[in-house]
């Protein structure tokens, strides 16, 4: 093919035939044209003249359909000639215009031709093709043309997915604008094209949110909820321009929301997204949308804390984007611009004789080079493959390759090189060798860090609470870590803390069998190897203690033939014997293990390597925990629980009437026994103990011995089968359960602040309202039928309303039902009026109405000013005492918190009412060593009593004085100093509370000043003054309180 006289003559004849073709022979002639153009090529020539005529034919209404049909046939040829391709792309604007033609046939042919061109063009030539489509859709007012272009863009995603991903920053604004078109057909097509385009966002973290992100573009009212959803998402994949292009429209609108909370949340996400950006050019195209919104919010938001967060995001954006002090937005790099690469090509060709007719081909080469730069393709052979066919159109192959290689070198000099991994000295089979980033919600945890694991090695992970240890484990298990091998390549099993409650009635054997890990015989053998008896294998999971549940989860993981075991605090629920068994198993099983543990002795006995969180990186240290501490001095804080900068503080408990010393018993249990319904013997029996404000008690014993059952009876979760349990009338007990998340699992979509407001909105703790000691059972109902003789009439108590001091105890105001015809068929009980209320001493009431008395006692305690105002500031201050930042308390949903942060929230909520006794069931389960050290110090300084169930002798050795050893259902106390009466020691004086007091509605209670006792002389003087006034005024005299 050439512009020689012979070729021109043939093409002119074909074009004449094409111009007068009818619908019947149009396809045949178009096919002849395509075959000729894509046939044998005469070297160094192009069909410039023919395509010029073809362009005129497309613009002519009479020949448009035929001309476009020829283009479609040319594009549909399997061997599209490089000499033809650049010229076809130049026809796209004219074809787009015809897609909006009034003639339906021309419309249809134009739409089909656009699809054919998109599918035929080299994907790396997208920078030559896409601008024609986006310019046409912006400039046209014809809705049919817009729909055809949108269909072509959707087809382009399939034809050139990787290349479209890089063009998303300029494509998304065009599609977004089209989604607001007034024509519903255009809206639908634009939404479909946007959905198709977002397939290029290869980011597992936001895949499920993409429909919501698209919906936000069409419906801005969805922005607040979507911002919340993204705030609780774990980001582990690299944030690319494609990811930012779909996220930034949401965030820019979030910055413009009326609600301060959404503006603030958007700023937090921007702040943390920017921290993941190492190349300023990635964020550069989006600075114009984010920077003005942040600046405006910083200047106008009234909330100082939200303004501070906005300023932090602003500083981060300026730093990452290289924004100057004058806030002038720097230019985006032009290295990948077609104009830049065209200039380079023209400079290299200036000494060559290149005819003007090849100008379009040269521009096409520049467009391909620009895309290769954007894709960071720097391989010489790749450039030869993509560009040589076009450059040899006007140069000999050798010359073309020489110039092309120089073009490549000039273009890629400043492209960042990918990460280099240092080889380990340790030999062995690699299971994993990857680089990735990790975030949790709006917090960046790891940024472009390396993880390399070998087969049959044992690794421990260390780091402060909230740094992302458990998040990393879950991300690995869920396949969300970039570069980590899939489950097919390397079976990775995450051993959970707890077994899902939905399996509580399933037998141990069936539970493992349902996982599809083998036959029942093989499962049974493995469970026996793990220490399970035949009886335990047959019992339901709910009957297992926490330690045995952990062993069951571990056994199931081993049965799955794991290559890597992920163990998150495996010793939490295990006693000493089972911990020793686990150490031996991990050291001999030959399975790679990654362990998170706050037990330094366990890490010493198991680990060969320690992986430490340092900054936003993972750093590996060879050796066990002791060796790690030697190499990393900063890790010495792990050795001593009290060696930490983190501080916890529990609120001071309120005054208890009648309790003059810290030794006086405020809880006392005598001859107590408890047996679960349906069991053959009591779980605990013959239990005697007492607790005071000075108690520091450790409850120890093997798994299943009855420790948690004993504490449940103490706190009122369970009622004893027999025996007596005395609790001071105003005593408040904070109980943090072994499975701490049980407190908050139904409130995951609330913020911590909202959860505390919900829990205490009535003044009472709603978490304790369903305790057994507050529920009226059949025995209580029968006892409450007791008949009292009041003023000679038989009465039953209808309600107890208030309380007042009576000698050394209390008496209670009761309303009654009056009995008529008692013992007869016509017996009835009639409500009496309030004037018939009477006061009954506590001793008489508790025999039959103890739970009603307890309710009044609780309300009286709250009415005396123990209630705290449920304001954001008060809640944030209280939670900060337990190590929770205001950012987390008021602006993060519970679902997005780490395990350690959730337990801190449970501690904060449990101590909101200033308890007198704090009961902790396995507090070492989820807190890291820093937090455990802070908890240890706070418990030492706490003014109330402390009871701890734990297997960790290290945690309790310097904290507790009294030990309750529970074994086989019996409790043996030691180290106790129980007293009868007040006991010795310093006296507790009731403090005049200087702080403001509030009732249950948050209203300030005015505290009256205590009256000064008058002397005898002052009393006589006042009496004389009263007598004088009475004499002067006569019957008009009315005395006042001030006169006495």
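Every residue, even glycine, has its Cβ placed from backbone N, Cα and C.
Per Swiss-Prot, the feature N-acetylserine maps to 2; the stated evidence is experimental evidence.
According to Swiss-Prot, the feature repeat 'HEAT 1' maps to 5-42.
Below 8 angstroms of C-beta separation, residues 46-48, 51, 54-55, 58-59, 61, 64-65, 68-69, 71-72, 74-77, 80, 129, 132-133, 135-136, 140, 142-149, 151-152, 155-156, 159-160, 162-163, 360-361, 363-364, 368, 386, 390 of the same chain, each at least six residues beyond the ends of the repeat 'HEAT 2' (86-123), sit close to that stretch. Here Swiss-Prot flags 86-123 as repeat 'HEAT 2'.
Here Swiss-Prot flags 125-162 as repeat 'HEAT 3'. Long-range neighbours of the repeat 'HEAT 3' (125-162) within the same chain, counting only residues 6 or more positions beyond its ends whose Cβ lies under 8 Å from a Cβ of the stretch, are 85-86, 89, 92-93, 96-97, 99-101, 107, 110-111, 114-115, 117-119, 170-171, 174-175, 177-178, 181, 183, 185-186, 189-190, 192-193, 196-197, 199-200, 338, 363-364, 367-368, 370-371, 375.
Using a Cβ-Cβ cut-off under 8 Å and counting only residues 6 or more beyond its ends in the same chain, the repeat 'HEAT 4' (166-203) has close neighbours at 126-127, 130, 134, 137-138, 143, 146-147, 150-151, 153-154, 157, 210-211, 213-214, 217-218, 237-246, 249, 285-286, 371, 374-375. Sequence annotations record features per position, and here Swiss-Prot assigns repeat 'HEAT 4' to 166-203.
Here Swiss-Prot flags 205-241 as repeat 'HEAT 5'.
Sorting the repeat 'HEAT 6' (242-279) by DSSP state (H, G, I as helix; E, B as strand; all else coil) yields 30 helix, 0 strand, 8 coil. Taken from Swiss-Prot, the feature repeat 'HEAT 6' applies to 242-279.
Residues annotated as repeat 'HEAT 7' in Swiss-Prot: 285-323. Same-chain neighbours of the repeat 'HEAT 7' (285-323): 169-170, 241, 244-245, 248-249, 251-252, 255-256, 260-261, 263-264, 267-268, 270-271, 274-275, 277, 329-330, 332, 886-887, counting only residues six or more beyond its ends whose CB sits under 8 Å from a CB of the stretch.
If you look up Swiss-Prot, you'll see 426-641 marked as domain 'ABC transporter 1'.
Here Swiss-Prot flags 642 (among others) as phosphoserine.
The domain 'ABC transporter 2' feature in Swiss-Prot is assigned to 667-993; the stated evidence is sequence analysis.
The region 'Disordered' feature in Swiss-Prot is assigned to 974-1044.
In the three-state DSSP scheme, residue 974 (phosphoserine) falls into the strand class. Per Swiss-Prot, phosphoserine is recorded for 974 (among others).
For 1039 (among others), the entry in Swiss-Prot reads phosphoserine, with the evidence type a large-scale study or a structure entry.
Per Swiss-Prot, phosphoserine is recorded for 1040 (among others).
Counting Cβ atoms from all protein chains shown, residue 974 (phosphoserine) has 9 others lying within 10 Å of its own Cβ. Secondary structure by DSSP for the repeat 'HEAT 4' (166-203): 30 helix, 0 strand, 8 coil.
If you take every residue in the repeat 'HEAT 1' (5-42) and average the pLDDT, you get 55.
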